[in-house]
Amino acid sequence: MDDKELFDRSIFEETNQLHLYDQLNYLKKNDLQKFRKLLNQVQQLDLRSLWLKYRNAKATSQENRKLSPSEVGPLSIVDTSDSSWWRTGLREIARGHVAALVLAGGQGTRLGFAGPKGCFRLGLPNNPSIFELQAQKIKKSLALARAAFPDQEASISIPWYIMVSECTSEETISFFKENDFFGIDKKDVFFFQQGVLPCLDISGRVLFESDSSLAWAPNGNGGIYEALLSSGALNDMNRRGILHITAYSVDNVLVLPVDPVFIGMATTKKLEVATKTVEKIDPAEKVGLLVSSHNHPCVVEYSEISDEACKATENVDGHKHLLLRAANIAYHYFSFDFLQKASLHSSTLPIHLACKKIPFYDVTSHHYTTPLNPNGYKLESFIFDLFPSVSVENFGCFQVPRRTSFSPLKNSSKSPNDNHETCVNDILSLGKSWILKNGGILSPSDCTYVSPECSLQGESLEWIKGKQVSNCKLY
């Protein structure tokens, strides 16, 4: 808001924020220091835009309309790899054209862990944290590229961009420093912070954290576009000559921060955006889906699709599959040109309402309240909300097996799924499959761990043929 709008009562009135106007005037008369503090926060708001986005999001959520089969259809899915993509991806890495970007703003609260998720240690041999595991994979991708293209410049690197939130920033940066950036040159690690949006009550009024502070929350993974621009990360990519960026969620323990095959596919097809998916098999599975709508890709939540569309099937090579089966696993490819354009249009992203229990300060009663039930909304934008700006011809939907690509760490051990134990088992099982595929000998109960320092995707294990492997770590 500009100075003129700040004291225009009609703007506060038409956007249901009179309590904010009244509090500003109260502090202006009674406490100038607190007034300036609150004023500085209000100046960051565009009340008209916020109110419009809130009303649109509210209307959409109340409408609760289900999409029919005529409104959404399957995207063309790439589910087999061209053998040339691996080498093409390694070539782009060797040329210094590739960067990794991790969305690491989440806390480990649901894991029973007091810290950023990326700092969580899985209990594998040598006890690496999630961040360290990803660093090992980045270094291995670079080593493979250098070996495949030894004539390229030796000083090339894979820069790692790490999006943190206000609550994870300090601890994440300290963790990297304490661990010497896990062997990656610190000049190749770029931390940047996602933005925040104000919390609202059920009627759309801004909530207060104190008498002179608004209640804020991270703005969702869609905040990546604006944050890349404002932090200087995009300028850094441009300076380095980055053309290809893979973005992923920190909590997928099987993730490949830089996947040569995926990058090779996107490079060969000259795509603006691509995403990895896994096949949805159960119509009742609660997962977002990549679909085509009006010749544009988009992600829809399971709750937005009619039962008829959810259960629709098609026959592929004599086997029945769900028609809408491309399940989103939050792993995306972006061309640098797309990110540049997206960063300039981030203000057009819609907001989504997450109903939560939000402690707040009541400026009328002057009491701080901790609610027992959900009382308001945290506002989020989603990274995939800009996907519809891309034509299906410039978008790639790449289907990968769950067992090799997706094992999210979401819950504590009290939950039967997506917990620490399931993640460790998935890592060990994948390594075991590589050993057996290469002719190694294992007992059924063996717990041998194949480190990313040894193999990224099962390559370079030919030496193990005919050898007995037992409960060890392969480096």
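Just so it is clear, glycine is given a Cβ too, placed from its N, Cα and C backbone atoms.
What Swiss-Prot says about this one:
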- Leu103, Ala104, Gly105, Gly106, Lys117, Gln194, Gly220, Asp251, Lys378: UTP binding site (BINDING)
- Asn221, Lys410: substrate binding site (BINDING)
- Ser405: phosphoserine (MOD_RES)
- 103-106: motif 'Substrate binding' (MOTIF)
Cβ packing number for Gly105 (UTP binding site), 10 Å threshold: 28
Same-chain residues at least 6 beyond the ends of the motif 'Substrate binding' (103-106) whose Cβ lies under 8 Å from its Cβ atoms: 116-118, 131, 162-165, 167-168, 172, 194, 218, 221, 224, 247-251, 330, 383
DSSP three-state assignment (helix, strand or coil) for Leu103 (UTP binding site): strand
The residue listed as 'phosphoserine' to Gly105 (UTP binding site) - Cα separation in whole Å: 21
Segment confidence, the motif 'Substrate binding' (103-106), expressed as mean pLDDT: 94
C-beta crowding around Lys410 (substrate binding site), within 10 angstroms: 16
For Lys410 (substrate binding site): DSSP state (helix, strand, coil): coil
For Lys410 (substrate binding site), the one of Gly105, Lys117, Gly220, Lys378 that lies nearest, given that the binding-site residues are compared by Cα: Lys117
Cα distance (Å, whole number) from Asn221 (substrate binding site) to Lys378 (UTP binding site): 13
Asn221 (substrate binding site) and Leu103 (UTP binding site), Cα-Cα, nearest whole angstrom: 7
Cβ packing number for Ser405 (phosphoserine), 10 Å threshold: 22
Cα-to-Cα gap, Lys117 (UTP binding site) vs Asn221 (substrate binding site), nearest whole Å: 15
Cβ packing number for Lys378 (UTP binding site), 10 Å threshold: 23
C-alpha spacing of Gly105 (UTP binding site) relative to Asn221 (substrate binding site), in angstrom: 8
